[in-house]
Each structure stands twice: as C-alpha cells, then as structure tokens.
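Following: one structure in structure tokens, then a few remarks.
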Amino acid sequence: MPSCLRLKISFILHSSFIAMQHSLRSHLPPPETSSCFHLLPQTKRTNNIKSRLLIDNPFKKTTKLPDFPPLLTSPATSPPAPVKLKPTHHHLNPLQKLAASMLDKIESSLVVPMEQNHPLPKPTDPSIQLSGNFAPVDECPVQSGLEVIGQIPSCLRGVYIRNGANPMFPPLGGHHLFDGDGMIHAVSIGSDNRVSYSCRYTKTNRLVQEAELGRPVFPKPIGELHGHSGLARLALFAARAEIGLVDATRGMGVANAGVVYFNGRLLAMSEDDLPYHVKINGHGDLETIGRFRFDEQIDCPVIAHPKVDPTTGDLHTLSYNVLKKPHLKYLKFDTCGKKTRDLDITLEQPTMIHDFAITENFVVIPDQQMVFKLSEMIRGGSPVIYDKEKMSRFGVLSKQDPTGSSLNWVDVPDCFCFHLWNAWEEITEDGDPVIVVIGSCMNPPDTIFSESGEPTRIELTEIRLNLRTKESNRKVIVTGMNLEAGQINRNFLGRKTRFVYLAIADPWPRCSGIAKVDLENGTVMEFKYGPGRFGGEPYFVPEGEGEDEGYVMEFVRDEERDESEFVVVDASEMKQVAVVRLPERVPYGFHGTFVSESQLKEQV
C-alpha cells in the first residue's frame, strides 16, 4: 500500500473512531420489539409545506450548492432498498472519473455484499434503529402561530434548541442511532403565547459533500466500522480521498449530539469534529455559519458536553485522540473566547469520555472501562470494547494548574457513567477534602453496543472521592428506576445542589416521563407523559433565586395519536403549565439548551 494511502487511512481512523464516542448521550437505541422500517414516514403537514429538504448557502466562501435530495422512503413492512451506486463525479478529470467508477464498482460488488453476508446485531440494524419515531424527517421552515394550550411563562422568551441524529441517506449496511447527520429542532417563544417551530440540518462538511455526490460516502463510525468490512470501508474512503473525490481534512463529524451557547455563538457538536457555529435568525430559523476553531486557537475535536462555569463564565472542555498518546487534552476558554488552558493528560489507552464535571476549583475527569482497541477490527470485531480488567478511576485537576502537575487519580472500581450531572467540594469531619460526583451509572457498560442479554440498569449514584486517602465510595440514590439524560439548575453547576431532573428511561430504552430527584433524601417527584407518550432529555430554565424555581421543557411524541408536542412543566410542583401542538413529527433526539431573548440579540 502506498505510504500516502496509509497516511490517509490513519487520518480517517483517527477521525472516524473518535466519532464512535460522540454519542454516549442521553438517548439510547429504540425499542427492540419494533420491526417496521421507513426512512421517511408520511407525516402530517400544515400550511402546504413542500416535502423536500431546504438549503440556502450557509458557507459564505463556497460555491452555490445543489438542492439537497429528498429522503428516500421505503415501505414500512420491508427492509431498506439498496442504494444504487451511480457515479455522480463532478469536476474530475477523465483519469479521476475512471478511478472513481472503479471504486464504485468495488463497493457495490465486494464491500456491500461482504456487509450483507453477516447478520446485523440489533444496535446496528437499520430496521430497528430507524423505525417509528427514530426515523428521520425533512427540514421544516419556520411555522408560526402554533396552537398553545395553557400559558407559557414570560421567563421562557427565547428559543429552545434540541439536537439529534437525522440521516440524510438510507444506510448501505449497518446503521447505529448515533451515526445520523445532525439536525437541530427549534421552538421560538415570544410574548402573548406566540410560538413558532423549525428544524434544519447542521450543514457539516461531511453532509455538504455527500449532498453534492447524491449518496453516502463517509464511513459510519459505529454502524459500519466493524471487522473486515469496516477495514474495507476505511480503505475505500481513503482511496476516494486520494483521488480527490472527497476531502476528509475539512472535517468528518456529524455535529448531532450536544449544543451550547457561549460567547455569542450557538455551537453544535459531537466528539468527532470541531464544533459548528449555528446562528438563530430573527424569525426563529437556523443558519449554519461553519466549522468553529475558537478563532483559530484549536484544531482538534472537542467532546459534546463542555461546561460553562456560572460564576466565571469560562468554558471548560476535553479533546481526545484515539490513535496517539497522550490521548487526552483539557482546554479552557475565558468569557471572551481566549484559550487560557491547553494541557495534555496521559492515558495508558484511549478511553471513551463523553462527559466530565467541574466544581468551584477543580475539573473532574472519568477514565472508565469502555475503551478503543482498533486491533479488534483485524480479528473481526468492534473497536469499542468493555475492558473488564481495567480499573475505573476519576482524575481531579485544579482549574488554576498551568501544567497539570496537580492531577490526582482516585480509583472507583466497576463504575461507568455516561453522564455526570454535577460535582462539588466538601470537607469531612476529619478535615479531608472530598469531591462529590453525581452521575448515572450504567450496567452493563456496553449496553448500547452489544446484545449481552442482561437487563439494563442505569442508577442515579453519588460517588465520593477522598483526595487525601485516594479512596472512593459509591451510593445509589434511587433504586429500581432507570434515570438518564437530564439537567440541574445550571446556575448551581459546580456547587452543591439538591435537585436533579432526569428522564425516566422506562420501559427501557424509551423515556416515559421526568423525575425530579431530591439528592438529600432520595425522594422522587414524577411527571409522566401518559400512555403511548414518550420524550427525552428534560431541560431546566431557572426563573427565580431558588434552586427549583423554574421550568422544565421537552419534546413529547404521542405514538398512538401520531402527534408531537412541546411540553412545559413547573419544576417546583412538577405540573404541566403549557403544551404547544407542533406541525411536524419531531424524532427522539439527544441534548438541548435554551437561548434567552437577550442572548439572541448578542449573537455574533
């Protein structure tokens, strides 16, 4: 293999496998009992909206893009029809076109049959992963004058934003829920109960290139990169990059996981790339500005859960490299967006780190048992494995440490948390400094990626890290209930909190309601959506000074009535105060945020 091709594959391995971490996010695979498949079910439409994807020209420095093709639709009772690999190679010379056609032939005659000869496990079976309300939808322009039942509080004037995976093209082979292209759903709230809705793809470089080609070409990091067929996909993509058909250096990420508003920018992100800057215009519509390097200060992916310190306004985040030591990096930016920390953190092996925590003075970094082992692909397996022999641990790093020399590791055996809801500092009766971490611990840890057959438990847990003795202990706060995906009052992030609002992931893996948990005594107040109704991550917006003074909001799907709603709940009493009837089906998604009216005016 030519050295240049080996370098391409190495680059793609780094970009692709770091993407496999990008979705240890709140939502999990759809119900295993579902057998229907349709990439674009017929949805109820109002105001004569045309059923096509809409695109402007979001990238100021590029030529005008073609219209995005409509999503392909398959009958609900049949498996997805294979995509015909017709060459659509623009701006190539005759030699490049010949090479591209040969690669298309190799894909259709060798790689696709190789994938189809192996039965797909449920976590990567498109007939499961893209069924029901997990199926993708078209973009929707702004729809105003929506019906509101109840009264939306005045403190919620602004835009609720929620990210999620929405694949543009039907999969050629395996597809995991986390592989889909990023789509943002926006609910804009004005005065006098005036509400509008829209949804738009985040125009990532990956999505734009595939739209220009009219077909999927970038490897799906979780659904496709398994075993020998995964290696074949990587080699095929590297060859296409070598002849100039695609450009991996412009980014391979899907930006479908987290969203954060920082320093005048709404940023959409996943662990496989830099963030994407998305602007909310005055009508509640969304425009992708482009890939954001923090004013050219970084050139590395960042994880989907950055933390904005409510006291200092600083943004803290992590970046990790699957192929190259030290594997992990800690970054901090001040309120003006200037990078003030860039520290390497050495890990013995590349670890899946989707989330972390901050306290008033420290950053808390989990190094747990889900790791990347790329050699497993050569043996025919998945490169993401559960390493039962590894000791889970948490690193505690001072925010003021310029070199990383203060980093302390504390072992926490058999602990795996997808998400950490908060952390704070305490002092024991003996005077020992302790870090208290609140997270949802999952068992088995590889539930999302494997079919172990074991029942899934996601337990809200308190983890205490003694910084003097280097000892830890864990205590389950709520038993008998799967609690994942949620929020605290972000004004209290890094400080001791009493309440956390979490999705009730029952019946697993769907979310049937919201649980308000009192961390002091473990009591739970529930808001249930009702029979046949399911939601996702609740988002808390504060109103007053009290920790639970505010409102919780979320998209809810009524699967029996085939309707989607935006629901607002009083956080103190856990009672519904308003419902907005949405004009489009909103698929189950991942993480969200709220951009206030004042923040909208400050956008860059």
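From the backbone N, Cα and C atoms, a Cβ is placed for every residue, glycine too.
Annotations in TrEMBL come from automatic prediction, not curation.
What TrEMBL lists as Fe cation binding site is H305, H354, H419, H591.
Its Cβ taken as reference, H419 (Fe cation binding site) is surrounded by 24 other Cβ atoms within 10 Å in the chains shown.
For H354 (Fe cation binding site), the count of additional Cβ atoms within 10 Å of its Cβ stands at 24 [all protein chains shown]. Fewest other C-beta atoms within 10 Å: among the binding-site residues H305, H591, that description fits H305.
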